[in-house]
Amino acid sequence: MMINSKIFNIGDYRRKQLDSQLDEFTSVDADFYNFENQEGLKIRLNAYENALKDMEKWFLNNEGVAILDGTSSTRSHRKWLLERLRRLHIEPIFIESFSDDKDLEKLNINALIKSSPDKKDFDFYEEKIKNYIKFYESMNEYNDEKDYTFVKLMKKADGMEQAVINKVQSYLESKIIFYVMNLNYLNPSKVIWLSRHGESVYNVEKKIGGDSKLSERGLLYAKKLPQLLKEQGFDENNQMSAWTSTLVRTNETAQFLPFDQILPWRALNELDAGLCDGMTYEEIEEKYPEDFKERDDDKFEYRYKGGESYKDVVLRVEPVMMELERQSNVLIITHQAVLRCIYAYFMNIPQDQSPWVAIPLHTLIKLEVRPYGACKVSLIKANIPAVSTYKEKGTSNVGEDVSNKSNSSRSLLADTN
Ligand code: F6P
């Protein structure tokens, strides 16, 4: 299921408004978030009004899910919001997440210090949270909020974990709640490792698909992978698992890893090229010129005859992504197309650009996922030569044309280096 979505972040609207009001000598302190501070309240409500106006405009041209990202921690505010949204014929789901775990709070504040555009220190965030807690009213499924659709996720310091789900009225709502429940929403930062398999015999022969073994250089990469991870601070006592596809080349790449768990997923198998499986791009262009062009024109939607499109792959990897949301310290060894989809998910790359991202062989990718959708990428090169399997638009040759600056999506990964 693919749904169009857009985030409307109240903090962004509040910052925009305040930036125009404050000069360099004044700035917002934590008391701004005290509900008795009328001036602060007015500015925050105004930020909501502006976000709602933009959201309304967005819904005029889009069907989908808008995410109103702000704190709605009192009943009266939620009532106001619900009425405003219903006037726009928008039916909301409220999402509440609660924890009284002080260690988690510390972790979250430290992550905010690193990535929040507010650029404040520990004391500020601690004080801001205290101000919120003073007036905080949890969602109430028994009284005046019994008709609201909401999910309330609780993770307490004593180990209790619970979710309360209220009034789910549609398939889409249940899908959203399922997704939210799978998010490791209170873990503020996690690390995910990605790698393509080592160079395969088919890669050398410029053939796509198939189930070939690693080339000699591919095997060298497999042997070096444990060392690369160690150099990045991974130590063998860390609990780390590797997920591979069920194909020979990813399993061979994982064979020297000192992990307890190596899990093969069929969902991580390479995009199925159907009738074209085992062919080179040149052969495809010669035999199926119309298909070849059609794929270049809309690579995300194009489905190989008897095979898959990138869109199909995105849907197929959904269970892997759900599991990944719950985990940290996972190394995924998979294939060019599948890695593009996973990478695009974390890096927020638009769908039409994702099939054109360059993900080179023999390179370990470290993704540090942080709040505010920020993701730090490090590329760790193994320095073992490999062919390029990248095909530019409009040609059947493989290998990147570094002089072609017009292909901006190709450079997305390289830019983060
Ligand atoms: O060439 C390696 C490969 O993994 C093929 O097996 C697969 O068909 C291809 O990459 C996917 O890349 P693209 O979508 O750019 O053709």
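Just so you know, glycine gets a Cβ as well, placed from its N, Cα and C.
Taken straight from TrEMBL:
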type     : residues                                                               : note
ACT_SITE : His197                                                                 : active site, tele-phosphohistidine intermediate
ACT_SITE : Glu270                                                                 : active site, proton donor/acceptor
BINDING  : Arg196, His197, Gly198, Glu199, Ser200, Val201, Tyr202, Asn203, Arg249 : substrate binding site
COMPBIAS : 404-417                                                                : compositional bias 'Polar residues'
DOMAIN   : 3-184                                                                  : domain '6-phosphofructo-2-kinase'
REGION   : 394-417                                                                : region 'Disordered'
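Structural mapping of features recorded in TrEMBL.
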residue: Arg196; record: substrate binding site; CB count, 10 Å: 29
residue: His197; record: active site, tele-phosphohistidine intermediate; CB count, 10 Å: 28
residue: Gly198; record: substrate binding site; CB count, 10 Å: 29
residue: Ser200; record: substrate binding site; CB count, 10 Å: 29
residue: Tyr202; record: substrate binding site; CB count, 10 Å: 19
residue: Arg249; record: substrate binding site; CB count, 10 Å: 28
residue: Glu270; record: active site, proton donor/acceptor; CB count, 10 Å: 24
Subject >> Cβ under 6 Å from ligand 1: qualifying recorded positions of Arg196, His197, Gly198, Ser200, Tyr202, Arg249 >> reply: none
**OP:** Let me know the DSSP-derived helix, strand or coil state of Glu270 (active site, proton donor/acceptor), please.
**Re:** coil
Subject >> Confidence summary for the domain '6-phosphofructo-2-kinase' (3-184), mean pLDDT rounded >> reply: 88
**OP:** Please classify the secondary structure at Arg249 (substrate binding site) using three-state DSSP.
**Re:** helix
**OP:** Other than Arg196, His197, Gly198, Glu199, Ser200, Val201, Tyr202, Asn203, Arg249, which residues of the same chain sit close to substrate? List them in sequence order, counting a residue when its Cβ is within 8 Å of the Cβ centroid of the site.
**Re:** Val204, Ser212, Leu214, Ser215, Gly218, Leu361
